[in-house]
Amino acid sequence: MALLVETTTSGREYKVKDMSQADFGRLEIELAEVEMPGLMSCRTEFGPSQPFKGARITGSLHMTIQTAVLIETLTALGAEVRWCSCNIFSTQDHAAAAIARDSAAVFAWKGETLQEYWWCSERALDWGPGGGPDLIVDDGGDVTLLIHEGVKAEEVFEKTGQLPDPSSTDNAEMQIVLTIIRDGLKTDPKRYQKMKTRIVGVSEETTTGVKRLYQMQASGTLLFPAINVNDSVTKSKFDNLYGCRHSLPDGLMRATDVMIAGKVAVVCGYGDVGKGCAAALKQGGARVIVTEIDPICALQALMEGLQVLTLEDVISEADIFVTTTGNKDIIMVSDMKKMKNNAIVCNIGHFDNEIDMHGLETYPGVKRITIKPQTDRWVFPETKSGIIVLAEGRLMNLGCATGHPSFVMSCSFTNQVIAQIELWKEKTSGKYEKKVYVLPKHLDEKVAALHLGQLGAKLTKLSKDQADYISVPVEGPYKPAHYRY
């Protein structure tokens, strides 16, 4: 690619959209710090001991203002950091500029092409001749995937001399990944194997990335230990639920200015993300219908006063469609053709394959009208009616708005810091094998406790007699590992 890495006056590499936005980014970072008590407590507690001294951390996670506070927490604890975004639309350019100028190497801008996206991922992993990172903070698992695919290709090349063939897959992103790996083999045929040897572990932020990790663990191909941050209670029950409850309507209204009240809204999936989305739409006055495969989740939706139907039942009736499943092929182009004129179609799951964007883009005679960035009207030739697709089927809350608010992200990112400290602290102990782990309950409770004071909460204290009666320590943890909250 023709992209060139730039360098700050202090010698730090970067590639962002506009460094003149750095002062603006710094002002918003300072505001966010006040709303992120968990991360600021980590700086206070761990800063003096510098637990990351000598550690290289590569991050692939939405380059937002909130992520900037996470990055500067990692650097405040002694780490060197290189960062890219995990979505082509999610970067906040002023945040990227501030971090690139002040704290860490950043390769991210809003509106990357897929080629640029993977170039940025490669740059975030490029620590020069000394090898790759020690630790990875991942969101969706793309950097983890790149390393695993790279190692696999290098091993095949070493045995057979065969280079990866990008034409062997129909997936456009995988074609780019294989091209990057193929070109890299010509200059350093052991790059990813050397990287694998150095990596201590990864902490994964989201449901989709965790699913990939468990698949690799099951197949015996996971190359290094992983901590599943997503399934910490203080992540999934807060970020996924309350974060989406906040950011879904924000994205809808910024993109379309539509009035939610009175509309028929379909939420595909009723997991934690779906629950947050359905709650937001219901509170906004929409009539909410849920589609589900799981009878337990379906029953939960019914108990909240929601209808549970199939997509086919409501496809021509609904005004708003939101996919939240983490699966693929949820809304196909054949479904979109049946929707009412100007129905809004959007996704808040991690990848863009929940909505059949390829089928829509290649539909004969379809016309795309860009209303504004990340808001497109697609008109079908047969009916002359159209649908409005947000963020090209990618994360609409980050593509059309600014994602989750700082406070709830403080919960998620405090888990990330604790997971990274745990992996680095135990790097030579053998405690973590090439498996997927979750953080223990007492750390989950600690993350929650760090956020109570800011909201004016006061915890009731157990007496020793009461604690003995329910068989828990006075200081916690208070729930068994299987408790579902």
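The first residue you see is number 1, and the count goes up from there.
Each residue, glycine too, has its Cβ placed from N, Cα and C.
Annotation for Asp139 (substrate binding site): same-chain Cβ neighbours under 8 Å, separated by at least 6 residues, are Ser60, Leu61, His62, Cys86, Glu204, Glu205, Thr206, Gly209, His350. The substrate binding site annotation in Swiss-Prot covers Thr64, Asp139, Glu205, Lys235, Asp239.
Annotation for Gly269 (NAD(+) binding site): spatial neighbours Val290, Thr291, Glu292, Cys297, Thr323, Thr324, Thr325, Gly326, Asn327, Ile330, Gly349, criterion Cβ-Cβ under 8 Å with sequence separation of six or more. Residues annotated as NAD(+) binding site in Swiss-Prot: 206-208, Asn240, 269-274, Glu292, Asn327, 348-350, Asn397.
For the pair formed by Val273 (NAD(+) binding site) and Thr64 (substrate binding site), distance between Cα atoms is given as 20 Å, rounded to the nearest Å. The binding-site residues examined here are Thr64, Thr206, Thr208; by Cβ neighbour count within 10 Å, the least packed of them is Thr208.
Least crowded of the binding-site residues (Lys235, His350), judged by neighbouring Cβ atoms within 10 Å of its own Cβ: His350.
Using Cα positions, the member of the binding-site residues Thr208, Gly271, Ile348 nearest to Thr64 (substrate binding site) is identified as Ile348.
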